[in-house]
Structure formats: structure tokens, C-alpha cells
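Here the structure is laid out as C-alpha cells; the discussion comes afterwards.
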């Protein structure tokens, strides 16, 4: 082959290579254009995806971060974290238990303190300042007796009231509805074949602390024992030589104390239907009696002007002087203090450890009569909310007065008056302190010295509202 041909061949090969290169360039251009289009479309997709991710909630992002952290957490770190969490739970449980124990200890300590103060006769819960004067709608009037109410008692569960009157009947009332639950009618004297009952004025009643027995005493020297729930007659106690004027059960027992115008105090065992003993000491007709859980009772000596504390086991008595007139009513505030009222218009607070009154409030219900001839209103009834500083007194000056005993029973401050027309012959606080019951009559329970015609012979239930405040404290 000649040199010209040889030189021509490489030129052809180069042109062929150039011709082959042009389609590949065109393909690369097409590919690059396609890539640019894909990248452009992909950019749009990425933009759309990124715009979706912007709308994700922070909570979802936080969950994803936590999941990533959990994924990144090692086994040892997880064990350590769970151990710390368990220890924190144990610490919180121990703190809650400690708080509960402290609360229980405080409650137990408070209860023990109250028990000790109660046994010593020094417990005085502060509740009087919380009591509000009742509105007219807070007083309910129950009418059923024909003559003046002389005495009443409230059952320990505060569900029923027993009232007695000069008409010789006993009525059991429902506190909630105000309806009569039972009536024990009057009986005729010396008449056979009639159900048991009273034939003369009923002067006093008492109910046992378990609500099982009711005792009633009358002017015919009799004490009748009833089953409180059914009002069925159980026993009749005889032995007094004059009208039975006071009855009280020893708290927590079925031991009954009675007193009479025959100047004696008798002790009975109701559960065994038995007489126990008689105590003497008063120089005149005994007007009233009260007792709590100690084996002793207190009596108001009427015109002999004394208050006496009877220690039953020792068969001894303590004599107290203070009132100028006849002491007609008495009530224990706690095991160590009592309140009494007299016909000289005075109200006295006593400590069982002192022979003279701690406080003597004269003319407690004001004066009556013409100018220059004024006489104090007789104090015909007293009551006290057990182990508190709240006291109530009644007379016939158209109101019941509520009082607050100062700390240590060193003073007696008037709170407010509750309007009631008539002789307030009996007063009783409910066990809860939610209401006060008054026995109202046209005449005094022991006689017919005056008559208030506009008065209604009725039982009045007075609701006692309390001001919201801190829990009652004791001293």
C-alpha cells in the first residue's frame, strides 16, 4: 500500500470517530437535559415534601426526638434511668406515708388530750363564737300538749324528742318531720284495767346514754321506766315520800339518780329493776338534778340556797353557796363545771373544786314590775352544750338567752336573745349542737304564780347556724 493510501485511511478513521462522537454528544446533551428536567421536577417534589414537613406538630417532632434518643440510649443508660425513676417513686411514697403518719399522730394526740381534759373536767371547746342568731324560719313550733310543758329530753341520736307536761301526757316527736311518733296518755287515779301512765303533773324526765330507757317522775311520788323505742312501760319505782323533781342517768350506764321534794337523793339500777341506796343532806325540797359519767350527781337545793355534789361510793357530799334565792335549775357543763339559775334572777358558773361560784351574773334576764318595786325575772331553766363554752338560760321575759363562758369559765358573756313568748320551763341542746329545744308554757313548771295568755304550750326546735371558720379549739 502506498503512503497516500496509508495517509488517507487515518483521515477516514478520524472522520468516522468524529461522526460517531457527534451522536454520543447529542445523547449526552439529551441525557443532561433529561437530568436537568428530572432535577427540576425533583426540586418541585422536594419543595412540596419540605412544605409538608413544615406543617408537622411540635409534639410529633418531640416524639420523634425522644424515639431517636431512645434509639441512641445504651442498655446501661436505660438501666440507670429506670433505677433513678424507681428510687424517685419510692421517695415520694415514703413522704406520703410520713405525712399520713404525722396526721394520724396529731389526731390521736388531740383525741388523747381531749380525753384527759374531759376526765379532769377541764375540757372546754370553743363553739359559742361560731353560733349565729337564728332567723324566724329557724324556729319550729310543735303543738300537742294541752297544758304547760314541764320537761323534755332528746334521744342520743338526735332523732326524737320526748316532752311532758302538766296535762300528765308524754309525747314522742320526730325531729325531722315534727310529727308525733307516740303519745303516752294520762290515766285516771285508782282506776284498774287501764294502761300505765301518769295521773299527776310530770316534773322531770331522763333518757339513758344508749337510748334504751326513758324515766319519768311525777307529783304522785312515782318513777315510771319506759322502753324508749316502743314507749312500752317496763317498771315502776316507788320509795320517794313526795313529788319526784329530778332524774338523771349516769352516762354510759343504766344507773339512775332521782331526787324529790322529800329532800332525798336515791340511786336505782334500771337494768336490774333494783333500788340501791338513799342519801340525805338538803334542808328543803330539792328542785333539780344532773349527772355525767362520774359516779356522782349534782343537785339544786331550792330554798335551802345550796348546790350539792354527791359522791356516791363515799356516801359523802360537798356543799356550795352563792345564790341569794331559791335555786331551781342546774346543769353540768363538763365533769368539773356546772351552771345554775335561781329565782333571784342570777346565773352562776361553778367549779366542783371551789365552794363559791366562779361567776355570778345577777339580773340575767332583767327586771319586771312597777318603778320602785322591780323584781328580777326568775331563771326557770338552764342548759349547756357538753364540754363547750355555750350556755342557754330561760325565763318568762319573752326570750331565751345564749351565753359564752370565758376561758377557764372565769366570765359569762351574753351573745344574743332568741324571741320566745311564755315560760321557758326546759332547755336542751342536741348532742351535735345543731339545734336547741325549748319547752314553753303559759305557767311556771312548779306552780301557777303567773299566767301568760298569749303564750303557746309547745315544743320549740331552734336551729343553730354556725359561721364558717376554723375547727373548734379546746382549752
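Each residue, glycine too, has its Cβ placed from N, Cα and C.
On a predicted model such as this, the values are computed, not experimentally measured, just so you know.
Here's what TrEMBL has on this protein:
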type: REGION; residues: 1-75; note: region 'Disordered'
type: COMPBIAS; residues: 30-47; note: compositional bias 'Basic and acidic residues'
type: COMPBIAS; residues: 64-74; note: compositional bias 'Acidic residues'
type: REPEAT; residues: 142-183; note: repeat 'WD'
type: REPEAT; residues: 195-236; note: repeat 'WD'
type: REPEAT; residues: 237-278; note: repeat 'WD'
type: REPEAT; residues: 279-320; note: repeat 'WD'
type: REPEAT; residues: 320-360; note: repeat 'WD'
### Summary
Residue counts for the repeat 'WD' (237-278) under DSSP, helix then strand then coil, are 0 helix, 24 strand, 18 coil
### Query
Going by DSSP, how much of the repeat 'WD' (142-183) is helix, how much is strand and how much is coil, in residues?
0 helix, 23 strand, 19 coil
## Note on the structure
DSSP tally for the repeat 'WD' (320-360), helix/strand/coil in that order, comes to 0 helix, 23 strand, 18 coil
### Task
May I have the DSSP-based helix, strand and coil counts for the residues of the repeat 'WD' (195-236)?
0 helix, 22 strand, 20 coil
### Task
Could you pull out which residues elsewhere in the chain have a CB under 8 Å from any CB of the repeat 'WD' (195-236), counting only those six or more residues past its ends?
150-157, 162, 164-166, 168-170, 172, 182, 184-189, 242-249, 251-254, 256, 258, 260, 268, 270, 273, 288-289, 445-446
### Query
Who are the chain neighbours of the repeat 'WD' (142-183) in space, where the CB to CB distance is under 8 Å and they lie at least 6 residues beyond its ends?
197-207, 209-211, 214, 216, 218, 226, 228, 230-231, 423, 425-426, 428, 430-432, 434-435, 437, 439-445, 456-461
### Within the predicted model, mean pLDDT of the repeat 'WD' (142-183)
96
